[in-house]
Amino acid sequence: MKALSKLKAEKGIWLVDAPKPEMGHNDLLIKIKKTAICGTDMHIYNWDEWSQKTIPVPMVVGHEYVGEVVDIGQEVRGFKIGDRVSGEGHITCGHCRNCRAGRTHLCRNTSGVGVNREGSFAEYLVIPAFNAFKIPDDISDDLASIFDPFGNAVHTALSFDLVGEDVLITGAGPIGIMAAAVCRHVGARHVVITDVNEYRLELARKMGATRAVNVSKENLKDVMKELGMTEGFDVGLEMSGVPSAFHAMLDTMNHGGKVAMLGIPGGEMAIDWSKVIFKGLVIKGIYGREMFETWYKMASLIQSGLDISPIITHHYKIDDFQKGFDAMGSGQSGKVILSWD
């Protein structure tokens, strides 16, 4: 089968002929229709320090996808041939304390599809049936292929009550932009998103952000005054991993504010903890998606009218995969879809 593999321990990714994966008794075999390129895939492509420590070479990568079930393990129930599915990319152990308590998104033994095991940039993928999620008929393949990052946005945004609240999102990558759309859809008052990438800030405006602020040109506190805000942001969603962005968030949070952190800093990050203490802030770390409450909420949000389609900006056939990675690497894109049909 065709597959995109991290074939060498250097920058790049390669289109190869790989063996079709073998299925176990509790697995599904999925014929891939579309995949999306994640920021994680770009780290792997660029072969940065994290990738060098984490990714086995050679390995098929990728973890954002939609496809069709073409074979079912003999122990599997609840799926049939022809089901259209995406899937949770975090494979959990099932036996640690959190797994046994139903908090599988906090499994201490998580294995990542396309990170620690063979991924979805291929014509076929095998995953445990537990990890598959049936896609409703009224949700397109394009949208289903980005459910993984959309789930990060939904999990982060819905960590706290948003109705009537003022929300600050730091980092206008695709996940931050989708989070802005979610916040507006569920009833936040002002949703302000910050970045220095004007292309992505414009995408955020299209997706419903009240204000998309280029912090290299505008002062965040001036924007707050313009919006009539007198007490600070009620909810903060940190999506950038950039220390200066998090510092600005702590400066502008209201007393008693709540912060959800998804962005991963490049290293240790020092902050002024007195701001957290004296403001009485609550900080919550976010990793992945809740299984499977986040997935049901994703489908329901789209079915209730949330439109995240503007975040998909580029489409390529798999043979043109290099153009897709170039588009992602340029910073002048939203989500990039690769078609395997």
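In case you wondered, yes, glycine gets a Cβ from its N, Cα and C as well.
Owing to the predicted nature of the structure, the values given are computational and were not obtained by experimental measurement.
Sequence annotations record features per position, and here Swiss-Prot assigns active site, charge relay system to Thr40, His43. Per Swiss-Prot, the feature Zn(2+) 1 binding site maps to Cys38, His63, Glu64. Sequence annotations record features per position, and here Swiss-Prot assigns Zn(2+) 2 binding site to Cys93, Cys96, Cys99, Cys107. Sequence annotations record features per position, and here Swiss-Prot assigns NAD(+) binding site to Ile175, Asp195, Arg200, Leu262, Gly263, Ile264, Ile286, Tyr287 based on sequence analysis.
Here the features listed in Swiss-Prot are painted onto the structure.
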residue: Cys38; record: Zn(2+) 1 binding site; Cβ neighbours (10 Å): 24
residue: His43; record: active site, charge relay system; Cβ neighbours (10 Å): 16
residue: His63; record: Zn(2+) 1 binding site; Cβ neighbours (10 Å): 25
residue: Glu64; record: Zn(2+) 1 binding site; Cβ neighbours (10 Å): 29
residue: Cys93; record: Zn(2+) 2 binding site; Cβ neighbours (10 Å): 14
residue: Cys96; record: Zn(2+) 2 binding site; Cβ neighbours (10 Å): 16
residue: Cys99; record: Zn(2+) 2 binding site; Cβ neighbours (10 Å): 19
residue: Cys107; record: Zn(2+) 2 binding site; Cβ neighbours (10 Å): 21
residue: Leu262; record: NAD(+) binding site; Cβ neighbours (10 Å): 25
residue: Ile286; record: NAD(+) binding site; Cβ neighbours (10 Å): 20
* Tell me which residues of the chain lie with their Cβ under 8 angstroms from that of Ile175 (NAD(+) binding site), as long as they are six or more apart in sequence? -> Pro149, Asn152, Ala153, Thr156, Met239, Leu262
* To do: For Ile264 (NAD(+) binding site), list the number of other Cβ atoms lying within 10 Å of its Cβ atom.
  => 13
* Give the sequence-ordered set of same-chain residues, not counting Cys93, Cys96, Cys99, Cys107, with Cβ within 8 Å of the centre of the Cβ atoms defining the Zn(2+) 2 site. => Thr92, Gly94, His95, Arg97, Asn98, Arg100, Thr104, Arg108, Asn109, Thr110
* Structure fact -> Cβ atoms other than its own within 10 Å of the Cβ of Gly263 (NAD(+) binding site), all chains, total 19
* Structure fact -> Students should find that the Cα atoms of Ile286 (NAD(+) binding site) and Cys99 (Zn(2+) 2 binding site) sit apart, in Å rounded to an integer, by 17
* To do: List the Cα distance (Å, whole number) between Cys38 (Zn(2+) 1 binding site) and Asp195 (NAD(+) binding site).
  => 19
* Note the Cβ centroid of Cys38, His63, Glu64, the recorded Zn(2+) 1 site, then list each other residue of that chain whose Cβ lies within 8 Å of it, in sequence. => Thr35, Ala36, Ile37, Thr40, Asp41, Gly62, Tyr65, Gly89, Gly114, Gly119, Ser120, Asp148, Pro149
* Asked: According to DSSP, which kind of secondary structure is Thr40 (active site, charge relay system) found in, if we only use helix, strand and coil?
  -> helix
* Number of Cβ atoms other than its own within 10 Å, given for Arg200 (NAD(+) binding site) -> 24
* Structure fact -> Excluding its own, the Cβ atoms lying within 10 Å of the Cβ of Asp195 (NAD(+) binding site) add up to 26
